[in-house]
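Some features that Swiss-Prot has for this protein:
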- GLU46: active site, proton acceptor (ACT_SITE)
- ASP57: active site, proton acceptor (ACT_SITE)
Amino acid sequence: MNRINQLFNSNKKDILSIYFCAGNPTLDGTVNVIRTLEKHGVSMIEVGIPFSDPMADGIVIQNAATQALRNGMSLKILFEQLRNIRQEVSIPLVFMGYLNPIMQFGFENFCRKCVECGIDGVIIPDLPFRDYQDHYRIIAERYGIKVIMLITPETSEERVREIDAHTDGFIYMVSSAATTGAQQDFNEQKRAYFKKIEDMNLRNPLMVGFGISNKATFQAACEHASGAIIGSRFVTLLEEEKDPEKAILKLKDALK
């Protein structure tokens, strides 16, 4: 069974997933960040593939991607860095990246390399669901790679149900149609959206992302989903502290 399915089948509550951009702040720090996050109780990790035009991301992750590319990070190097990662960590690892670099690498080759490294899934924010269905699903399923789809407050109920019926792993529930970035709290409109999706009783578990940065936002997300994904806040702390251990301890402190 895929590690993503194992995690959610365990009925674990308040799942914490952390995003960071591979190659930032240093080119060779990827494995150490992953190792450190697992050590400190993170349940799942999203490894960002840097891209020059990350349209769904706010300024923090845009800057991290720019720095990672300047440092020389590429998909080829990332796969080389992660080739023995399963000797060190056992939690689910998910790539998050845009379609362009993945297509340049070749989608089937990308899936093959994911299997070799023990990557469990991929989130591609700019991959339309229809394109996934028509062109990529058969390849991803052949290799056992979960393609995680995003939904937003603007996603129709019909499309949400369609995504739920034709994907596996979890559904990434974006807290707003805006870009990524830390928020202090969620307003009533966002909370109502979370509840509406929760009340649809979908087949797939839900994870909330975009804007999670503190106890209030983390708890609000976990109230209506299996857990939450934190990206921008951890990326900021990682750059400030220059040490993944200090960064994750500071973040976990903010979630208490």
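The count begins at 1 with the first shown residue.
Keep in mind that glycine also has a Cβ here, set from the backbone N, Cα and C atoms.
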GLU46 (active site, proton acceptor): secondary structure state under DSSP, collapsed to three categories: strand
Collapsed DSSP category at ASP57 (active site, proton acceptor): coil
Intrachain C-beta neighbours of GLU46 (active site, proton acceptor), sequence separation six or more, cut-off 8 angstroms: SER17, ILE18, TYR19, PHE20, VAL94, PHE95, MET96, ILE123, ILE229, GLY231
CB contacts for ASP57 (active site, proton acceptor) [other CB atoms within 10 A, all chains]: 26
